[in-house]
Each structure stands twice: as structure tokens, then as C-alpha cells.
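Right, one structure below, let's go through it.
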């Protein structure tokens, strides 16, 4: 059982206090329903060696270390491998380098300098395995709640969290839709790599706005195309082999959508073409990756002949 009482205590006296009261029952109900692989992943978590980190670095990456022998490291590696595939990272855990599919540290180095998270209550929507949650704490956030309904990501978060039990980061296996309307309790809300999977993009923006306090900041990172405010790509079928991609707006179009959704002070702080060095197959994620989804003769296009992945980060104020 995962005990959420520290989260409830943390949220006492905040606008999120009443929401927090029902979280334990909501989580227990989700765990009761479970997932077919949950027992196997729990076995991997139980196989992790009991270690106490003497070094913790969440500022320059995600690194935990202490004195431990090769046998303990081998045990650590085997247990973590049992939670593959690892998508977001990398993690350096007691001498084991988890070389994830994504170099998420590169994205954080592009996004992080534009943010002031000091003392902020943060929500990370579609948080994956929680890599960015730890980096947000490293950037001074007061606390970070992540929501993502993927059970493997939930277990990967637990693998790191069991070595950092005192830190104010929580991963809830919920979708954004599981959060109540008009929550209005977070200073900063992140939606990174989620927007293009949504069939109703404006509804997603409104739901994110609902989570923010008045004057709070949205950090929106998503796939975009080049063009003016009237340019939006809706793939006929797949995009980079993904079926569930709906809307790829231009940056000016996305900025307009944010303003229509009631946000102000909208600004784009980064646009980057995703490279095959930033997203690739590794020992920790052995399935196909970006190089398999691009035209082998022209990396400016996907295998479907559409513009290759280009990602933008926009900030906006409620």
C-alpha cells in the first residue's frame, strides 16, 4: 500500500486540502483494479537493494550514490531492468546508468532556465516515470504532484522514490480527467508531450487552466509545425508511426489557441527539431525509436512523408 498521508499533510491549509482528503481512497480503488503486469513490476521493486544515498544531485541530472559493492550494483541493475522499457531519463542510481530512450535532460536544459519554480506547488500532467518531477524539485519547487495513468511509469517512479522518501514528490496513477473541475490550487502546471494526443485541444487547455491558481503559469510542450497562425497539421492516419496524434499546430496558431482559452502573457521560449541522438533505442528501451520513424533518405520527413518532429515550449499565465 502507498500511504498518501504525507501528501494530505502537505496540502493542509492550501486550496487543495479538500481534494487531498479523497486521494487515498481513489488511489486504493485504482490499485485494486490493477494491471496484469503489476505483480511482476512489484517483484522488480522488491528486488531493489536497500541503500541509503549519501549523495543526491537533482540539479545537474538525477544522480544518487553511496558506497556499495559490485554485487549490489548488479542486483540494482537487474531489478531496474525488470522495469523496462525506460522512456524518460537518464537516471544514475548508485553506479547504474539507466540510459533511457529519451535524453530528457536535454529538454530540461532548454526549458528549465525559463522557469522560476522556487517555492511553487507544481502539477505535472502526463508525468511519465517522474524524471521531470525530480528535476523540478532540484529547481526549487516546494512540492510536485505528477499524474499519469500508465502503471509501468508509476512503478518506475516508485523505484526512485523509495530512495528519496522524504522528498515532496508524488505520482498518482490518474488521468487529468480524474481530477476535479476548478481545482485552482497549483502555481505551475506542466503539460509536456501530451497535447498532441488529445482529440480536443482547447478542452485540454481549459482543463489545465482549471488546475492553476489565478496568476499561475502553464508550461506547454508539444509537437508543432512551421507556419503562420492558420497552419495546423491533422495527420490522415499515423504520424511518426503513432496512431494517437491529432493536432500539430504552428507556434502562432498554438499561441492563439492559448489566448482563446483565456491565457495571457503567452510566449514561446524554445523550438527544437528532435534529433536521433535525443530519442533512440538503448539497452533499456529495445523497441523501435525515432530513427525507425523517419524517412531513411530524408530525416526532415517522417516515414509517412510529414514534417519530422519539431517541439515547442510555450509559457502562459492564467
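Cβ from N, Cα, C; glycine included.
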Residue among 95, 119, 126, 185 sharing the carboxy-S-adenosyl-L-methionine site, where Swiss-Prot lists 88, 102, 107, 176, 177, 192, 196, 311 as binders: 126
Looking only at 88, 102, 107, 126, 176, 177, 192, 196, 311, the residues listed as binding carboxy-S-adenosyl-L-methionine, what is the longest Cα to Cα distance in Å? 26
Using DSSP with the three-state reduction, classify residue 88 (carboxy-S-adenosyl-L-methionine binding site) as helix, strand or coil. coil
Given the binding-site residues 88, 107, 311, which one has the fewest other C-beta atoms within 10 angstroms of its C-beta? 311
Within 10 A of the CB of residue 176 (carboxy-S-adenosyl-L-methionine binding site), the number of other CB atoms across every chain shown is 20
